[in-house]
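Listed in TrEMBL:
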TRANSMEM  6-35  transmembrane segment
TRANSMEM  42-60  transmembrane segment
TRANSMEM  72-90  transmembrane segment
TRANSMEM  97-115  transmembrane segment
TRANSMEM  144-177  transmembrane segment
TRANSMEM  189-209  transmembrane segment
TRANSMEM  215-232  transmembrane segment
TRANSMEM  244-265  transmembrane segment
């Protein structure tokens, strides 16, 4: 179990560091179907893994200048109400319903990402803007409305499913706010750190998260390996185009959706 936790944790970290997402969507099924955790417990433990991995990845990605600090901070703060609501509602539904809902959400996000990346203009436009600094221009009311609305939704998903929300934040920043994939994934890490911390605090205060000694050791190993992988993944983005990152993210979502659905229905 120790070896599995270390190897899988490193893989999850690489995914989070490079894509700015994927930690929760991988951690929850892994904790449930490979490491034997209860689904509700897994969604809580996942927040620890995702939050710490995102933090170490953010420190590396921030040097590129692609983190939109203002947008990311507002996105996270606007999503806290949604995170609280999701944290309160998640433990109330059955484990099977939770996992089936999880699959439906991942499938929908995958479809949107594939559609976006396969458009003829997606590749050239996103690659051209991928390594530019964040625009400091004035926000419009439309921009603020989009950020608040999307943040509330992704915050709810973070609290409900126990994930960092990157799988929803990255498409939201990329599709709605027209951020290149590298900028979207870098900014997503900031949002994940804040919302994961709030979601974990909400569950702890509500008494819906209890960590046994065995689970604590397993999560510590998983998280340590994941943080190391996060550093590697963050550096990989310098060698990969925005379009490739988008397609890899979509493919990852499809694989996780299919495997989780099969395991849930079995």
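Any Cβ shown, glycine's included, is placed from N, Cα and C.
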(message) Please tell me whether the transmembrane segment (144-177) and the transmembrane segment (215-232) touch - that is, whether there are at least 3 C-beta pairs under 8 Å between them, with each pair 6 or more apart in sequence.
(response) no
(message) If I count Cβ-Cβ pairs under 8 A between the transmembrane segment (97-115) and each of 6-35, 42-60, 189-209, which range comes out on top?
(response) 6-35
(message) Can you tell me which parts of the same chain pack against the transmembrane segment (244-265), counting only residues 6+ beyond its ends and a CB-CB cutoff under 8 A?
(response) 15, 18-19, 21-22, 25-26, 29, 32-33, 96, 99-100, 102-103, 106-107, 109-110, 113-114, 116-117, 122, 126, 167, 170, 174, 181-182, 185, 237
(message) Given a Cβ distance threshold of under 8 angstroms, which distant residues of the chain, six or more beyond its ends, lie next to the transmembrane segment (215-232)?
(response) 1-2, 5-17, 23, 27, 35, 37, 41, 45, 48-49, 52-54, 56-57, 60
(request) For the transmembrane segment (6-35) and the transmembrane segment (72-90), decide whether they are in contact, meaning at least 3 CB pairs lie under 8 A, counting pairs 6 or more apart in sequence. (result) no
